[in-house]
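Here's what Swiss-Prot has on this protein:
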- Asp8, Asp9, Ser40, Asn92: divalent metal cation binding site (BINDING)
Amino acid sequence: MRVLVSNDDGVDAPGIQILAEALRRAGHEVMVVAPDRDRSGASNSLTLDVPIRTRRIDAQTCAVAGTPTDCVHLALTGMLDYDPDIVVSGINNSANLGDDVIYSGTVSAAMEGRFLGLPAVAVSLVTQNHEAHHFETAARAAVEIVARLKADPLPADTILNVNVPDLAWADVLGFEVTRLGNRHRSEPCVPQNDPRGRTVYWIGPAGPEQDAGAGTDFHAVRTGHISITPIHVDLTRYQALDTVAGWVGGLTAALDAPA
C-alpha cells in the first residue's frame, strides 16, 4: 500500500521515523509529510493567512512549515504526484486518550485524511513524562492494523485512534476496542513574569482522569492492552436533536418581537 505518514511531534521525532521504517519493512511504499517542528496541540487548524513552505529532506520525506492538518491536506490535494491509499499519523510521544483527541494534532492529521476520503489511523505511545521506551511496540501495532485494514476495510467514516502502552510487545495483553473516556477540567494556567515584568501564561496540565472505567481507552491502556477507539468526523449529537428542537421552539416569540 501507499502510506502517507504524518504526526504533530515534527518530522525529526523518533516516533515518526520508527513508524515509517516499520511500514517500509512490511512492504509498504511510505511518504512522510510532517511539520518541520513540534506542533503538538494544533488540533484541526489550517494555515490560511500565509503561504506554506515545504522542504524535501529526501525522496520519501517532506518537512512542512505548517500544522499536521496542513501536511495531510497538502499531500492529498496536489502536492504529491500520486494518491496514497491510507493515512497513518504518529507515533505520538504521549497519550491521546479521552478529551485529548479534541486538541491532538496526531488525531487531527488522521481526521484530515479521513475527511479527504482515505482510511486513517492515529497511533500514540502512552509514555510517562514523554520518556518513551517502546516505540517499536507501537510501530508493530500500526503495521498489524494497516494489514488488517487492507484485508478487511472498515466503514468509510471510521478513524481509528490507537493508544499503545509503553511496554515490550511480549508484555502487551492484547487489543481492546474502547470508547473515549473523559478527564476532569484542565488544571489552572500558570502565570509567570517575563524579563520586563509583564505577565505571561503557560497552559496548565490536562485534567486527571474522570471517566476511566472498564470499556474506556484509559482503562485498556492502564491494564496493558492496546486501545483502539473508532471515532468519526461528524460531531452532531443526534440524541439531543429532539430536545434542542423543543428548546428552540421557545425562541419563536423573539422573531415576532419588535427590534
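Here the Cβ of each residue, glycine as well, is placed from N, Cα and C on the backbone.
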CB contacts for Asp9 (divalent metal cation binding site) [other CB atoms within 10 A, all chains]: 24
Three-class DSSP secondary structure - Asn92 (divalent metal cation binding site): strand
Cβ neighbours within the same chain of Asp8 (divalent metal cation binding site) - under 8 Å, at least six residues apart: Pro35, Asp38, Arg39, Ser40, Gly41, Ala42, Thr67, Pro68, Ser89, Asn92, Ser104, Gly105, Thr106, Ser108, Ala109
Fewest-neighbour residue among binding-site residues, criterion Cβ within 10 Å, set Ser40, Asn92: Ser40
